[in-house]
């Protein structure tokens, strides 16, 4: 169906002059640098087309046969660039085979340094020749942009790397830049996700969550399969930045042998690296990895490669026939492949393993055991024992005033036992992070400062209770106010501290359900507190008789409170059950991380 004349003219004007136009004629010099078509949409992630060449070495003046093939496509753009500086200008010139399908373009100062389409006609195969210049770099890589339809295209599909004879390895670099991420071996594309078949029997696997399916979009997966003198490694997980694993002799970052798969402009670069302390990984330009493949689909990054078990020629590379802790991390990567610190605590195996030995199918933890214990003890202390102890002292003094335990009123003994338990649990929990960190943490925000404040108030409250004046002493009223205000302040700060602590990477609780659980507990406790306050007020009003504008108190507040014993006991039992539910939910979440 043909467009009306005016509409057709407007459409042609947009195509050739608007900022989001297409280039059906292939005259795309504007895209020489970025190789991105101005189609107003994002490029696809997993390429369907491949670039091949008829040789891997060249000398200046040689002709290299270059092929672009794949499913039907309308447009394309091919360049050759310095493999160590892929953002540099095009290298060399091209010679055409079929002028009906392809044409030569000049990018920068080099004539005929790119090839593009001549029309939107469907094509499956393009063949051209690349002529190596006299000043060619040691290693050259072919790149292609392919347009399947106007909104469906792939940018900078990496092709083979060809090199001059006796080409030297690239010089080392210190940062994760696009140049440093270049691999020294040809790269291919994975056609399907990894699978867990053979885990525990033929290959060593690490999965998070435990036993998850690597075909799932939420599964982090790492496998090692020994093949004679090498190990084939697969790694995948939900990340649009980078995935990395490291072999370590301890459970701390630093002095480790690491391997990174980094998403840079919808292409994945695989590189070994060194971890020095807590600084950014230092990428190793001497790439000892082979059979590199990758895939990016629906936010899941996958890469695989092969590495020799022993690499005596490469400094810093660990032998794979020894036992190590294994780290698995993910994070963000910015433009140019610069990686950022992982937001989540890396997964760390609970013990040391030899990936070339007996196959295992294991999980790991994103939270160290000492930090887990710290969170669990604090939650038990400030969500369970202190809350129940405060409720007993506030509302059950009249109910249990005539019941005695070990020579003291029952309410007081229960209250004191629960508060001493809180002090003990808080003190034990307080020292665990210092043992784990070996000192003060500079990366935990306000959490440690508030934690120290809560610890100080807890000790002060316990000491103050130990010097409690007698019931009828003149200072008893002053003590009551100090005791109440210190305890209330400590409880409020403890809840705030726990809210802040749950979001720290070291205690990687499931967000946002951890926050919802804490909000639910606070609402639960306040609701029960308000209910019992209302009940106490109603008891007082019940025994007031209004007569001749006078209020006659027929019963004391103590006896009135005793009348509500059954109601309070039922509410108390319900409250304890609710606390147990919150406690189980929290401990279950901690046990899974």
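For all residues, glycine too, the Cβ spot is worked out from N, Cα and C.
The domain 'Reelin' annotation in TrEMBL covers 13-180.
Annotation comment: TrEMBL describes 216-331 as domain 'DOMON'.
Confidence annotation: the domain 'Cytochrome b561' (336-535) carries a mean pLDDT of 85 in the model. If you look up TrEMBL, you'll see 336-535 marked as domain 'Cytochrome b561'.
Annotation source TrEMBL lists signal peptide at 1-22.
Under the heading transmembrane segment, TrEMBL lists 376-396 (among others).
Residues or ranges marked as transmembrane segment by TrEMBL: 417-436 (among others).
Annotation source TrEMBL lists transmembrane segment at 448-467 (among others).
Panel annotation: around the transmembrane segment (479-501), residues 375, 378-379, 382-383, 386-387, 390, 444-447, 450-451, 453-454, 457-458, 460-461, 464-465, 468-469, 507, 515, 518, 522 of the same chain, lying at least six beyond its termini, place a Cβ under 8 Å from a Cβ of the stretch. The transmembrane segment annotation in TrEMBL covers 479-501 (among others).
Per TrEMBL, transmembrane segment is recorded for 513-532 (among others). Residues 383, 387, 391, 394-395, 495, 498-499, 502-503, 568, 571, 574-575, 578-579, 582, 585-586, 589 of the same chain, all 6+ positions outside the transmembrane segment (513-532), place their C-beta atoms under 8 angstroms from a C-beta of that stretch.
Under the heading transmembrane segment, TrEMBL lists 570-590 (among others). Residues 367, 372, 375-376, 379-380, 383-384, 387-388, 391, 396, 507, 509-510, 513-514, 517, 520-521, 524, 528, 531-532, 535 of the same chain lie 6+ residues outside the transmembrane segment (570-590) yet bring a C-beta within less than 8 angstroms of a C-beta in it.
Panel annotation: around the transmembrane segment (376-396), residues 411-412, 414-415, 418-419, 421-422, 425-426, 428-429, 432, 487, 491, 494-495, 498, 501, 521, 525, 528-529, 532, 536, 568, 572, 575-576, 579-580, 582-583, 586-587, 590 of the same chain, lying at least six beyond its termini, place a Cβ under 8 Å from a Cβ of the stretch. Within the same chain, residues 416, 419-420, 422-423, 426-427, 430, 433, 440-441, 479, 482-483, 486-487, 489-490, 493-494, 496-497, 500-501 sit at least 6 positions outside the transmembrane segment (448-467) and bring their C-beta atoms closer than 8 Å to a C-beta of that stretch.
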